[in-house]
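Here the structure comes first, spelled out in structure tokens, and everything after it is commentary.
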There are 2 protein chains.
Amino acid sequence: MDALQAQITEQGNKVRSLKSSNADKEAIAAEVATLQALKAELAALTVNDPNAAPVKGGDKKKDDKKKDDKKKDTGLTIKTPKGTKDYSPQEMAIREKIFSTIISVFKKHGAVTIETPVFELKEILTGKYGEDSKLIYDLEDQGGEKCALRYDLTVPFARFLAMNGKDYQNMKRYHIAKVYRRDQPAMTKGRMREFFQCDFDVAGTYDAMIPDSEVLRVLVECLTDLGLGDFTIKINHRKILDGIFEVCGVPTDKIRTISSAVDKLDKLPWVDVRKEMTDEKGLDPAVADMIGEYVQLKGGAELLERLTTDARLSANQSAMQGLQDMKLLFQYMDALDVTRFTSFDMSLARGLDYYTGLIYEAVLEGSAPPTLANGERVRATVRQGTDELDESTVGVGSIAAGGRYDGLVGMFSGTNKKGQPNLVIPCVGVSIGVERVFSIMLQKQKNQQIKANATEVYVVGLGGVSIGDRLKICKELWDAGIKAEFTYKLKPRTQSQWDACDKDMIPLAVIVGGDEIEKGLVKIKDMRTKDESQKGGIEYPRADMVAELKKRLQQL
Amino acid sequence: MDALQAQITEQGNKVRSLKSSNADKEAIAAEVATLQALKAELAALTVNDPNAAPVKGGDKKKDDKKKDDKKKDTGLTIKTPKGTKDYSPQEMAIREKIFSTIISVFKKHGAVTIETPVFELKEILTGKYGEDSKLIYDLEDQGGEKCALRYDLTVPFARFLAMNGKDYQNMKRYHIAKVYRRDQPAMTKGRMREFFQCDFDVAGTYDAMIPDSEVLRVLVECLTDLGLGDFTIKINHRKILDGIFEVCGVPTDKIRTISSAVDKLDKLPWVDVRKEMTDEKGLDPAVADMIGEYVQLKGGAELLERLTTDARLSANQSAMQGLQDMKLLFQYMDALDVTRFTSFDMSLARGLDYYTGLIYEAVLEGSAPPTLANGERVRATVRQGTDELDESTVGVGSIAAGGRYDGLVGMFSGTNKKGQPNLVIPCVGVSIGVERVFSIMLQKQKNQQIKANATEVYVVGLGGVSIGDRLKICKELWDAGIKAEFTYKLKPRTQSQWDACDKDMIPLAVIVGGDEIEKGLVKIKDMRTKDESQKGGIEYPRADMVAELKKRLQQL
């Protein structure tokens, strides 16, 4: 957070200096926009601060210092472990809304869910995450099996399919659950050690690109329904990229590393990426230039057309396979009204080795990185893990990503005498960055009170009404399925009950005093109205209470 | 499982021997009932077998051996860790139904939810679980803090309250999440190392017994809505028990151990419990006898009356406090129509030390243990952990338990100069044994197919219809919010599409061939009807498709 704060200070100075030197208006506006973006980022990160107190309904800021490392005189440190946090009821309300929105879409497309243990045998996870394997959380060896907390949801899914392949040769499954990475937590980067992933995958052997197009449709529906604003889904194909690298003359052993350099084009200008290829990775500059001609291209079906007629690519088998796939995909995306959300972007490469076909990454518009005065863009501040689920590289503003991985299940199935996997289940899937979505939603709600409870009616007792009478009214309401609360005091003050309604944003009150009970009446008050004439509520016969409340609740 | 199988064999032999000796009909019937209960238990446990394959929609039995320890020639063992299991889509469908039923009740009563990390600092958990602390799962010390997987949800809740006490002095919270116990897993006892707990607690300082009565009401609503059949909630009060032990002359240092002996009265006859008190625990037989006079009592308000006028108890401060509480409770339970589900049972003691007031335990009727021929009852086969959440002893057939614990939060708050806790937040709560509920529900569903997906409409393509046409129809349905699927094949066989409808229990089909597309028509077929005249579906203009489907879906 300090680094970001320093950036903000620096950027602020720059704006002031430009203004005082009467610089070009547009130049000033650009720097101000950058400053605002940095500030917004800081605000979002503060909200996500793992050591911050749980956010309550939009009220005053908390004194973080005081919450941190509460060492009481018991000698006990009262905090959550490093890189983890509690979620307050208000945060949970937002989280549940996000999950239910996404799950509705998944179910609309026929998906089912499975649950796997939070830890796996260590050997299942070994060798799946390359460099990042050091981030795996091991359980203490207390005698017995070596286990480790799951690192993502994709490997457990592949393990599940390999174990139950005969029963689940094809399956549309979603899984929303926590995963664990023993990374250095960094509040400024939104990097947590425990965070949610949200995966939707289609497993099974089908005709080319049909499930892939439905996965993209699912992604479009999710992002639309979440209401995050405009977005673009960058799409590309591993086989086209491989073909490009081949025809440009990249040595086979350099393809992976050159691919990962290409993937940085969303954060760095071409000149820097080229430099990485030639200086750091020892690529022939002529080869790099030829790659540059391809990977800076982006567009739609017309780009596909252009590439298909490209002399070099059309002579390359891998490229042509990929281009044929893309042709089908565009056709299916058109039928599903998905094309307009996509950009065929040759610079998208994705980091993970296991992708074998289509790859994609959704980026929120307006979240593109602001350009600093020196021409560099503000670097990605959100690390893949937290946002990106089972992906190893993420662009700025990335909100979801995925692709086709046809070989992963085979890694668990063992091989036959010919060295072929015993079981091949091709898969295509997408991971939605729910932690990122959560940050955005929380930021949007920041100045609004969040209703964490579902209570519809508060039973307010005035003078002369017994606790028994209030309990009986609540019983009637609960029996009728009405969500109701009352105060657990024998002789509550009236004001404290109005306060409870306000605090919990409860829309309706049933008001009873000794008089009302005697006469078989209740008063019903709309707590949101400022209409003074209704101040004391409107009287109804007790027998009509439930019907009247239900009528009013339907109108809410 | 072997032990249970042996019991079944033995009991079978007994039945046969009784029958061949022409024994009394009633005696035979009793033994047959015992045999059937044992068999049902075995069936339920098989279903819960952590090493068994995930249950699919009621189809044939799996060969467990084959699933177990799949060691492929990769040398990789493809299984879940000991004591854990995957949940299949069908199992998840049942689980979600249980959770949503319970959560609806919690929300009806104004509860909110929080989320805490799956692991806590080790020192938070230390000293909270007595003997059972050895079952805590430690994370490997990879440099940094010592952490351990949560053992229950109560201690994390108390830690949360102690950390955020100023903001959450009062709170109605529920939490449904997995907890971890490194116990020897035992399939025959339904004992898992990873299992769900489901807790509802009310924290805050209120007038006596009001929140307690709402917790009981919540429990009644949950068990009723789950439709598990008749149940009884045994209730008792720790202060009454303490008073009884005092007036009977139990030495202070023996109170806890004598209390835990009393708690076994649901599983053992008094004579055995008395023996444990006198022989094992060295209690004066006269004292034991006096205890026996009290703890074998059960009843309702009349028992309360009788105890209140008991000469010894009415002279004891602790007992009188407890009896006064119970008097209020009966009054409130009457108002909430809860009394008829309860039994004031003096033998209920509950194992956990931290209870300070009202205690309760819900037992399903018809799940009482069968009595064996030697007069002993079949022992509890379900261990506290799996069913019972944060309780340390559980009776047979127990489905939920809880009580008041006013001191736990103070354990985390540190103490002031006078040795008093800095923060006291009294709590009362209940844990619903969702794993047990799950076993029962699964058993009920066993011979029925379970619909794991939510799909309402399957789009069936006949000859001459293109994949593009099918995609466009699906798009229309998804746009209209209709849950729809289609097959990912370019030229699907018709029969395979009917089969997909059947397998996934999809109620409606939209059928299109080349002819229909040309004429702007679709056919809609109710897949559940056996009406031959509707075999091919009924024709509608394409423009009416969505409206007609929505109409039919509403009637489902």
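Positions of Cβ are set from backbone N, Cα and C atoms, glycine also.
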Handout entry: Candidates B:ARG181, B:ARG182, B:ARG340, the one TrEMBL lists with B:ASP152, B:LEU153, B:THR154, B:GLN197, B:ASP201, B:ARG350, B:TYR354, B:TYR355 as binding L-histidine
Key = B:ARG181
Handout entry: For B:THR154 (L-histidine binding site), the three-state class that DSSP assigns
Key = helix
Fill in the blank from the handout: DSSP says B:TYR355 (L-histidine binding site), in three-state terms, is coil
Problem - DSSP three-state assignment (helix, strand or coil) for B:ARG350 (L-histidine binding site) - result: coil
